[in-house]
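Asker: Pasting a structure here, questions to come.
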Amino acid sequence: METKEDSCDTDSTVRTNRGKRKNEETDEAAKQGKRKKQKKCGKQLRPGERYVPPPQKRNPGVSFSQEHFAETYYFESGLRKVYPYYFDFTTYCKGRWIGKTLLEVFKSEFRAESLDYYNKAVKEGRIKLNESPVDDLNIILKNNDFMRNTVHRHEPPVSGRPLEVLVDDGEVVVVDKPASLPVHPCGRYRHNTVIFILGKEKGLSGLHTVHRLDRLTSGVLLFARTLEVSKKLDAMVRERQLEKEYVCRVEGEFPEGEVVCEEPILVVSFRVGLCRVDTKGKESRTVFQRLCYNGRSSVVRCLPLTGRTHQIRVHLQFLGFPILNDPIYGSSAWGPNRAKGGLVGMSDEELLEALIKEHCSKENLHLLDLPDEEVLGKQGPKTECSDGVQEHNDQITAPASSGVVCDDGLRKLTEEELKAEGSQELHKSTSAAETADKMNGAHKEKDSVSDEASRTAKSNAFVRDNLCGECKIVRPDPTEKDLIMYLHALRYKGPDFEYTTKMPDWAKEDWLQD
């Protein structure tokens, strides 16, 4: 017969055995975790050696969330402007960077800011390696290193004209894109893009691009709602079942009748997106037909039968009739004949340098959509002036009482002006998310097309960053004429659909240039 004491002893033994097994299981799990970590590392780290985690799968697509939409734009003087915001540039270590220090990489490839700026950014925790703040720019980069650089972004203004949705039938979304608005985030543009505006204003997301338009080109732009529709339209593009029709206004009297240009087009710079006619280029074909001539310029109908970058613009330049206000292919940087007949008279490097130089003289317009480092690679890095204002080496300094005036018409804020706005200055950014929260709380007001209301909202929303050189610059607003190129996508036609827009004012027969 089992006694009470025997029962207690048995229960105690069972509990003890269970505890032992639990401890053994925990120890075994810990050992397995340690083995997995060692396996993950690949090898035992030597003293002082830095562990680099394996690369993670990254989503190459572009998407915005409600948090992004809170970093919003406002309207002022007919322009759509963006409140300055914090943005993370992220990248894995490139092969050519392996073995170099962060300092060397910033100095050679990221010259948008001075080395003094990057040293200050390190102190404020804005530069991270594998999600850990960097405390020394002399750290040597290794394969699979993941870098994050938090910056204060200022986007250039674009036209304030509304983005009109022409069709939304569940399969496609068709919009009439205003000039000056990029389709996707690129260069300095992120919020002032068609993708962002459709998401914020229309609630349209997950769209698939069927074709694209240059930033300065206006007109019909088509998106697929689903991947299935996107594949169907892509097949039509490959089989050349889609017909695109453009109108443009060119310099001089364009010949009557049909004009066909079949000159091959070569990309001079993928980074800048610059092209020219060259025998080594890709097969290209465009059909032109003059619609009218007003004594100074001609309106021309354009049918691109291939889809090369800047095809219409390059072919018109070759024919000697560049688009009337084309800032690139109508530029004098191409030489006295502006590449008519394919005669450039300089190397690609010299051409690119001439165009960048012209771009820098009109920097407020961002004509080439150049990354900052591309421009500053030609100008030299920024330097720190005695008054704390950053300027390029070749800029002109005016008396302190009037700010610093540059040769591109920009004005630097004086020390007094900066102090006057000091109450809005953000002295330290600990993270992009925390700073975004501060900014979002400051501009919860709805957007308004009223200039007065917009200026009020702007003053409440603007947060000045103590490291940002752009915060110390007053840039003149571009005029509407600066933001428009006389090239318009008029019609997009397929086997069983056709989408069209109205003819722009500048394409009317009685239009006269100001």
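We number each residue from 1, going along the chain as drawn.
Using the three backbone atoms N, Cα and C, a Cβ is placed for every residue, glycine included.
Those TrEMBL annotations? Automatic predictions, nothing curated.
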Asker: Match it up for me: which of 379-417, 418-456 does TrEMBL list as region 'Disordered'?
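Answerer: It is 418-456 that TrEMBL describes as region 'Disordered'.
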Asker: Tell me, roughly as an integer, the mean pLDDT over the domain 'Pseudouridine synthase RsuA/RluA-like' (172-317).
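Answerer: Mean per-residue confidence for the domain 'Pseudouridine synthase RsuA/RluA-like' (172-317): 93 out of 100.
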Asker: Name, in the order they occur in the sequence, the residues of the same chain whose CB lies under 8 A from the CB of D214 (active site) and which sit 6 or more residues away.
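Answerer: Long-range Cβ contacts: H310, M485, L487.
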